[in-house]
Amino acid sequence: MSIQKLNDTTNSGYVSSEETDSLLVSSSNPSKGGGRTALLRQVKSNSTNGPTTGASTSSSGSVSGGGGGSGSGGGSASGSAAGASKPTLMRQDRTSTYLTSPQQSQHARMGSEESMRGGASGAAGHDEDVEQGLVRSSIVPDIEVHEEDQEQHSQQLNATTMATMTNNQQQQQPTISIMNLSLKPGDSHSHSSSPGSHPNLGTSSYQNLASSIPPSVPSRCRACRNCSRRASTTPTTLIDRSASRDSVKSAFQQGNLSGSMAICISNSALPQQQQLQQQYHLQQQQQQHYQLQQHHLHQQQLQQSQQQVPPVLITSSPTNGSRIIRQSSQPESSSTAICCGPHSACVGHAHSHSHTVPNVSLKQLRESSGDGIAGIAADSLRINGGMRPFKQLRKPASTLSIPGSMKTPSIANREQISSGCNEEAAEALVGIHSDYPRYEMYMEERALTGGNTSRKPSTNSAKHKPNVGYRLGKRKALFEKRKRISDYALVMGMFGIIVMVIENELSSAGVYTKASFYSTALKTLISVSTVILLGLIVAYHALEVQLFMIDNCADDWRIAMTWQRISQIGLELFICAIHPIPGEYYFQWTTKLANKNKTIGTEMVPYDVALSLPMFLRLYLICRVMLLHSKLFTDASSRSIGALNRINFNTRFVLKTLMTICPGTVLLVFMVSLWIIASWTLRQCERFHDEEHANLLNSMWLTAITFLCVGYGDIVPNTYCGRGITLTCGMVGAGCTALLVAVVSRKLELTRAEKHVHNFMMDTQLTKRLKNAAANVLRETWLIYKHTRLVKRVNPGRVRTHQRKFLLAIYALRKVKMDQRKLMDNANTITDMAKTQNTVYEIISDMSSRQDAIEERLTNLEDKMQSIQEHMESLPDLLSRCLTQHQERIEQRRNFLHPDTAAVAPIQAPTPQSMFNAAPMLFPHSS
């Protein structure tokens, strides 16, 4: 094994300049192998997202060909024998090189099976052109690394040229061979003699690629030959870093060459300018050969249908062995070679592979969205898997609600998943209602880079998106619809009750019988209204379920069907379904008459009585309508405030607010309605057995007496139906009486303003009484003193009278003081607490302002202390300079006065420490 550095021009589109410095090449001993090359290594490993392969093997790969041209022919034969092999890419010391397939056992000096396929197996159906096999699942075009001398290479080129010209109409799989030629002395110019010595370089395949492609040679896309896309082997050494994509593209279009031409340049000491001139002549010859064979290649492209698997890239390091680098960010899928532009060369692809889905990553590659240097860097990152981590930046915030089949799509369901959509990342676990469109979900990236997320609408998508604004609008529309349906239900319920009352009153008055047409017509009308009412109730609860689904992001209406909701719906339907049916039906009703000496009475009673009374239960719809029409329920601001305070807006809350706002009106309406309904129902139950109850006024008297909890007992119910109604009236009446007392007491209570006025007036009166009582005490004291001390004759009766008044004045004074204390205690209301709070706030504000002033003074003091400290720190230096100057002046004066001491060494400047620690200095005086 020998390691040689290739030229700078060997840089491919996917290999950096650092990687080309350590390409491993293998050169066999000329004495043993006759200058034949040996493959370094044949590695067969698993791709990170492709099928597994066998273990890695290595073989010499050299076959004696018999002469200069037989070697090339032998290579072709051995290459065709392993047409189904899976070549891999080996990476040594950060160097990406393509090696031959691990299943090949013998190779010619020019290396790969596809390079010689035209000479040995051109008619085989397993071969495919590069346009159809570029992006397959697991096979990659080969790159062989060789090192040979110039004589053997010239023989091989001649043999290869003959094989290529003979089979130029057959399809050839692209193969790139990178070789480092060792020239002998004197043969340095043998490789650049004339363009005619390399007739095979103008073919349309990638065969016989020797050495590296210089930067001046434009290379085309391997998928289609007529576009200006850079192939993976396009050199980038001489491209200026500031060059744009258009400039690079125009430079590539000048040669109009295919991406499969090979140029052999000797590794000699030729100047670079001469090499470039030789390459230009070779390009002209290659262009002519390419134009002759292009027509035949297009015909062959239409006949090829075999598909291959995408290439596998394997890198290895000389220290830690081989490791797998992911080339693509998706599972394997059947895809076609992507054409870089819409031209005639790509007709075969669109015709033969119309059923496949183009690769999204290659679509990105042909989008003109960057310059040449950026495209080269992106290609390198894609091949080496460096773009894989950036895929996470385009994923949703959460994938908990995304099904597993959508997270990791397989080959079978990839197209179905690409046409559908995943769940929203922020979506609730219960999903979104099916009536509303789901968001256009992020698709799984299918490109080498992770791809751009393609958005496609769902099959169940509507014309609106279920965002927050749409949901709020839909919720508001459902609220309005629910309110209208509730109003209609109340109207139909009240209509049925009114018709029922009319029918019973007409039949009880003897206007018609139950068997008459009028009775049947009215009952039929009641039945029709009942059916409509049941439908409205079902529609109301359907809207309730839809609102629940919108509020909770539910996807299935059965989620909202709890046992409580089902029971409520069933109970409402049962209550509203009860009504008198058309026809004449009677039953025998036997009861004990309490008003007639407890005799037993039996009467034939129609079923309409038992079916009519429960119809009054439909009045519960009034509470629902009150709730839906309440300003507290319909106003958005009140609902927002209630939601912030965790208040549930239901019928109970609305009734409480009504009792707070207008308690007297609500209580009066309720009591009067209950009184009328109870009186009519009691009359219907009792009129068949007792004539007294046939009169509505008697029933109203009994109901009122029972309602007020008086109970005279002059009229009593006989049937159990009447007794039950009376019992209900008594219980409800007790509650209404308590409510009436509460309402009256609240009405009689003083308001806060009235309380303040009353307290002020009472305080004024008590103050006056206190002054009067004090004055009376003083007056009686003076009178007692007067009648006992200032008179000549003391009158005991008058003295006792004034003493009695004196004590009464003292008692009055004490009582006034006690009343003042009670008034002060009662005056401690919320307003007084507010005053106290204001006082405390003022005190705290004053303390806060003082504290701020103290902090400001402390800050100023700290600044001053810091400045003093800085001056103190600079003081030693200043003293040192002053003392030094003073010492110098003293020395000068001493030298001037005493010249004999001038020979003494100059004194160094004292340090601050030495100055403070030194002994006192004695200065001489001049005499």
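In case you wondered, yes, glycine gets a Cβ from its N, Cα and C as well.
Residues or ranges marked as compositional bias 'Polar residues' by Swiss-Prot: 1-31, 95-107, 200-214, 314-336. Annotation source Swiss-Prot lists region 'Disordered' at 1-131, 181-251, 296-336. What Swiss-Prot lists as compositional bias 'Low complexity' is 45-62, 219-232, 296-308. The compositional bias 'Gly residues' feature in Swiss-Prot is assigned to 63-77. The transmembrane segment annotation in Swiss-Prot covers 489-509, 530-550, 569-589, 609-629, 658-678, 724-744 and is backed by sequence analysis. What Swiss-Prot records for 696-716 is intramembrane segment. If you look up Swiss-Prot, you'll see 763-839 marked as region 'Calmodulin-binding'.
Listed as Cβ neighbours of the transmembrane segment (530-550) (distance under 8 Å, sequence separation of 6 or more from its ends, same chain) are residues 433, 471, 474-475, 478-479, 481-482, 485-486, 488-489, 492-493, 496, 557, 559-561, 565, 568-569, 572-573, 576-577, 579, 618. Within the chain carrying the transmembrane segment (724-744), a Cβ under 8 angstroms from the stretch's Cβ atoms is held by residues 663-664, 667, 670-671, 674, 678, 681-682, 685, 702-703, 706-709, 717, all 6 or more beyond its ends. For the transmembrane segment (609-629), same-chain residues at least 6 beyond its ends with a Cβ under 8 Å from one of its own Cβ atoms are 482-483, 486-487, 489-490, 493-494, 496-497, 500, 504, 533, 575-576, 578-581, 649-651, 654-655, 658, 677, 681, 684-685, 688, 721.
Looking at the region 'Calmodulin-binding' (763-839) alone, the prediction's average pLDDT is 89. Sorting each residue of the region 'Calmodulin-binding' (763-839) by its DSSP state yields 68 helix, 0 strand, 9 coil.
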